[in-house]
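A.B. asks: The feature transmembrane segment is assigned by Swiss-Prot to 57-79, 94-116, 410-432, 457-479, 492-514, 551-573, 578-600, with sequence analysis given as support.
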């Protein structure tokens, strides 16, 4: 197959330069110990950043009230025979874990009633006089996915009357030279389709400092001043044009709005694991998300993508500092989104969650292993927030968001410690002879007893609170006859819900141990790195599964053996948490299987409305991706570039310009090594064999070096001839 760029003799990029002229602006790093001058700003509208206090009192107060009741009941369970040290430990761990689930419970109550009584959102249609830059950051992602999605969304948006108000930017941090060249080939194809219809641009950084946050900050400092808003997407995001327009209109109509976050629906799940996440997020997620939006109001949060941000607020208030010390707790802030939202709110702009907006989509990890890889990075970023939670001037709700993020991973060690403490308590009662008469004189013995009836009642209450978001979401769905019919009827919906609950219960203990391992490794100073995500196929060879789950199986066997030492009854009680660990290898393989996922899809089990009636924008993006896959079969590689002067010119036209360098400034090691290797090379062939992937990626991003390489003979044989 002939490369279309070579076949057409491409030497120029259709639609003009790869990036527009720069419009520089300041984005100062924020001081976490003091507020910048002029912050918090005064609201423009009356009540522009004020929220209803009674909503917080209801949700947080109710969570504290039921937590106090549960803790009192648990204390009553042990108080019958007096509290021992292990019982004190169980009580403390129970209190921490119960408070965590109680807040989600009270939030879901609010979400349930809001959704049950929701009316259609008011029409905010208005002409757009503001400019919005739509940003698609990418890092070693499959170019066919990214560029097909951008092309589809850009052309769909261009067909509306508001298309002129948006420009598109693919911001690449790709380090793999093959992927980088494939991105350029895809961008050339993209420009063929969008030139004259939509403004689409591409920039690849030579050095991905500060990862995604640094990528967007670089755009802001160089081009951000030309736009009123930034609509940030992710590499797997798709958004309907109407949703983008609504976000821009809401931002335009509210001068105090700093950030508006949508609640993305999960789509395109092909494996069983992806389908479980997709179903849960679609059926139960809106209950929690809507409840959260209802009570946090103007102190919402940012989840990193599928959100619109006021450029002025972001550039003036959300420049992230470099934390002192080494990773994992020092260095660049990894989970930047929570921090950026907190800083924007600190500066006096509102941060809201648009729970009423549909048409926002993303994808999810296809397997337990991919979840573990993603969560390892997120865990490090969230634990790093312990360095930020004390930042001066943060709203208490922003601090609560940071705490929630930390607890989403610390809760796993707390749950594990609670299980181990309870098991130890049972083993102590079974094997250790009780001290009926303590050192303190008493006429009556001290009997080690517990109120078992009270304990059982508390267990049922805890389970009810834990499963309440699922129950509320299912109830709302069951009362929606039209949606139930779409999903195959109420019986099929119930079957899907039962399947999701069972599979989630089996996977939960595995994820608990994965999170525990992540927390421990972070506390020991291990950095997560930055690996690209797998988004389609989640399968792994059985050998890899055995290796990755070896400790989970071992832990399950040891816990089961310890429970059996006490009694078969205790083992039976613990079996729901142990079965997933015992069978973690087959469970991981089955849930990552595309074939098994396809069977569930065929039977409409774990189906979602977006799967049955797929939005037009999603179908169009999928179809266009298939075409990109064909067009990119012959990847534009370094040898092809160097062999054709037209491709060299086109490649240089797509490069990010070299920053100005002051004489006497230090040369970076990578730059120095790459320059020396290029200068000493006798041919292109010998140089390409000598360069590492990182060095080749750097050379391909440096116009001076690539021109120097182009002057070399292709091989030593050519030189002698």
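Cβ coordinates are placed from backbone N, Cα and C, and glycine is handled just like the others.
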A.B. asks: The transmembrane segment (578-600): which same-chain residues, six or more beyond its ends, come within Cβ distance under 8 Å?
C.D. replies: 269-276, 366-369, 499, 503, 505-510, 513, 537-540, 542, 545-546, 548-549, 552-553, 555-557, 559-560, 563, 571, 606
A.B. asks: Is it the case that the transmembrane segment (94-116) and the transmembrane segment (551-573) touch, counting contact as three or more CB pairs under 8 Å in which the residues of each pair are 6 or more positions apart?
C.D. replies: no
A.B. asks: If you count every Cβ pair below 8 Å, which range out of 57-79, 457-479, 492-514, 551-573 shares the most with the transmembrane segment (410-432)?
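C.D. replies: The stretch I would name here is 551-573.
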